[in-house]
Structures are given as C-alpha cells and as structure tokens.
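J.: Take a look at this one; I'll ask things after.
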Amino acid sequence: MQVLNTMVNKHFLSLSVLIVLLGLSSNLTAGQVLFQGFNWESWKENGGWYNFLMGKVDDIAAAGITHVWLPPPSHSVGEQGYMPGRLYDLDASKYGNEAQLKSLIEAFHGKGVQVIADIVINHRTAEHKDGRGIYCLFEGGTPDSRLDWGPHMICRDDPYGDGTGNPDTGADFAAAPDIDHLNKRVQRELIGWLDWLKMDIGFDAWRLDFAKGYSADMAKIYIDATEPSFAVAEIWTSMANGGDGKPNYDQNAHRQELVNWVDRVGGANSNATAFDFTTKGILNVAVEGELWRLRGEDGKAPGMIGWWPAKATTFVDNHDTGSTQHLWPFPSDKVMQGYAYILTHPGNPCIFYDHFFDWGLKEEIERLVSIRNRQGIHPASELRIMEADSDLYLAEIDGKVITKIGPRYDVEHLIPEGFQVVAHGDGYAIWEKI
C-alpha cells in the first residue's frame, strides 16, 4: 500500500488528520495490520457498540493497528447487520446511529487508523410485498428512488422473491434474495451507495461479505469504481477432508480458488485481497500436534500465503468461526500460537476483538505487532521454513525474525548466532536478529 496515494485520495480528511497519518507512515510501509472491531454479540451493547468502541480507539491505535473493520452499517432484518434492507438508513443499525458512526470513524482517522466497512451486497431483504403477496419490493432508505428495487433486480434462479433478473453469477445465499449484479441499474446504484459510504460517512476500505455469492468480475466493477484503499473478500469454501475428518495435506485446490478470485479482480494492480481460509483451516489442525502440516510439498507455506502472500489476509478467528457462533474455532488454548504465526509471517494479518480485549491477550498480541512493525515484516516478506515436525515449527522471516511454534524446547542449536529471544509464551517463541 502506498500511504501517500491513499492520503491524496482521501481529500475529505482534514489537514490535521493528514499530519497524523504522515507521522505513522513508518508503520504503514510495513504493511497492513487489521483489527476486527466487533463480534457476533456486539449489537447487544447497552448504549450502542459505536459509542462503546469509541473508548477503545486509543488502545487499538497504540497497538500498531492500521485498519479497523467495523460491522455492516445499514438497516438489517438480522440484528448483526448481515440481512440488509434499507442500505442508506444507518440510523436503524443495532450498533448505533449515523452520527455516532461518523464520530467513531473520525476518531480512528485522528489516530491514523483507516476504517473498513463490512459490505453486504450479495443479498438483500425486501421492505414490502407486491400485489401477489410476495416480498420483493425494496426500499433504499432515501426520499428518492435510489435502491428502490423490484423483482427484476433479483436473480431469476433464486428461490426467494420470484425474481425476473439475470441468473446468479455465484453461489446461492439461502436466507435472502440474491441480487442481480448483471443489472446495470443495480451496479450504478450500489456504486453510488459505496461512494456515499466513502465520501460522506468516511469509510476507507471494504470487506466483501459472502463474496463467493457473486462473480469476481462483479466485485471488480465495484472495487474499480470506488477505489477503496484496501479490500478483502470473504470466500469461505469447504476444504478437502480425509476419512479422519481432518483436512488433507494437499489443499492446493482450496487456495487456488482464492488466488483465482484475486487475479480476476485485478491481481497485483488491485488493492483487493482475500481472507486466507486455507491457512486458517490448516493452522487449526497443525497446532494440535501436527505442525508438519505448515510446510507444503514445495517447502513453502501451505496456505494462500505460500503462493501469493501479498494478497492473503490471514486470521485466527472472526465473528463466524469464533465468538458465540463457534462455527470453526481455533483451539482456545493455542490461540497465541496462531497469532505468533500470522503476525510474524507474510500476508495481511487480522486480529480479532475477542482475543485482544476479552481473552487477556492484549499485551502478548501487542508485543508481536511491535516486532512485526519494528522489523518491517510486510505482506510479501520472505519466508524460510527451517523445521516442520509434529512438535516443532521453526521459520525465518526476512532473515531478521525467527518464529518457533510447538512444545519442543531443545531448539537453541537450530538458532543461528546473532539472534535473541524477544517474545515467548505458551508454545511459541520469537527471536530477533541483534
């Protein structure tokens, strides 16, 4: 990411905020460190989540975070925001109102932190029934007709809403009507809404929810038109498992899907990345006595970071896999081993709110982020895997940092001269070159 270009594009920022951003440029050149600023239950917070998170801005910024990911901002049938209806209506969000959201974004900007909006545009819930009694009439949340759609904006092969639009370009979302992204009016009005979120509300970047629900070609249209400073797509597909229920050693097909998506959206010329679900799935199992999984057949990392690290956004858990949903949780007693991996390795690491604030891991995570920033580890850093056995994973990053994961202690003979331990915890240790 080029910080100066980002700041030029953000012409709505005040001069004082630009000065703060310039002061943090040394951190930003090391690459993004993302922070998911909510969980599945955040909407329940008394007084509103936006107001609550305002009290965490200083801690998040001080930790070296460059981007904070906020929940879907619009009116939604589902409290968490993932069943959106009136897209322009930010006052109906369970997280707070539009004014509170703008104040929160301004507070993050004042600390040099960019803000990612959770963009849910694969599907949408209707506001009214038509004359046949079918819910297929949508309201945009403005006095005019923007985003006021009918059944012709719904994919005709979708089971909801009796749609008459084009066929779906991606996977079906079972809980709500899938939007016809081939429709030019849909494209035009969604781009207008995204531009409004960026220019009027203050968002800098996008997280694309359920991005497998529409083609990468459609995602490219929205990203190219709105020019976010950063974008990350959720493309969560099933891994290939063996008879024991564990992931197969070879997950090339799984990570190829992620690489293909990024390539179609624009590749190296785009700010788009994808969540590295391949690394997530392998790491989940590897820390349970199978650390050999962390070296692929080619000697490189087995996830997306082994093929295209600059375009991989790594994570340990999120509001779906962890939190109260617990759909694919990381082993709870080994979470810091997961962070030791993603925060010292190539890729764009994302820290989960729960682990940082609720699990008592704040200081340990901060220490790892500090090492990453101090040593200039970036999304495309060079990774050399030194050992990968059942009880030991040892890797050198950029010739400056060595990461050890696993219970084995007798590793000093494997550490080159000129390195010293700078962080350690249950099942992990980090060395820096002196």
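A Cβ is built for glycine as well, from the same backbone N, Cα and C atoms used for every other residue.
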J.: Taking GLY85, GLY96, GLY213 as the options, which does Swiss-Prot list with ASN122, ASP168, ALA171, ASP178 at the Ca(2+) 1 site?
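T.: It is GLY213, as the record lists it for that site.
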J.: Of the residues ASN27, ASN271, give the one that Swiss-Prot describes as N-linked glycosylation site.
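T.: Looking at Swiss-Prot, the N-linked glycosylation site feature maps to ASN271.
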J.: According to Swiss-Prot, ASP172, PHE173, ALA176, ASP178 bind Ca(2+) 3; which one of ASP158, ASP162 is listed for that same site?
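T.: When Swiss-Prot describes the Ca(2+) 3 site, the candidate it includes is ASP158.
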J.: What kind of secondary structure is ARG207 (substrate binding site) part of, going by DSSP in three states?
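T.: Where ARG207 (substrate binding site) sits, the three-state DSSP reduction gives strand.
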J.: For the binding-site residues HIS75, ARG207, LYS212, LYS300, which one has the sparsest Cβ surroundings, going by other Cβ atoms within 10 Å?
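T.: Across HIS75, ARG207, LYS212, LYS300, these binding-site residues, the one with fewest Cβ atoms within 10 Å is LYS300.
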J.: Sequence gap of 6 or more, Cβ distance under 8 Å: name the residues on the same chain that satisfy this around ASP209 (active site, nucleophile), in order along the sequence.
T.: PRO72, TYR82, ASP118, ILE119, VAL120, ILE121, ASN122, GLU234
J.: I'd like to know which of the binding-site residues ASP158, ASP172, PHE173, ASP426 sit within 10 A of GLY213 (Ca(2+) 1 binding site) at the Cα level.
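T.: Hits: ASP172, PHE173.
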J.: For GLN325 (substrate binding site), write down the residues of its own chain that are at least 6 apart in sequence and whose Cβ falls under 8 Å from its Cβ; none is a fine answer.
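T.: Set apart from GLN325 (substrate binding site) by at least 6 residues yet with Cβ under 8 Å, we have TRP40, HIS319.
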J.: With the Ca(2+) 1 site defined by ASN122, ASP168, ALA171, ASP178, GLY213, which remaining residues of that chain have Cβ atoms positioned within 8 Å of the Cβ centroid?
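T.: After dropping the recorded site residues, what remains is HIS123, CYS155, ASP158, THR169, GLY170, ASP172, PHE173, ILE179, PHE210, LYS212, TYR214.
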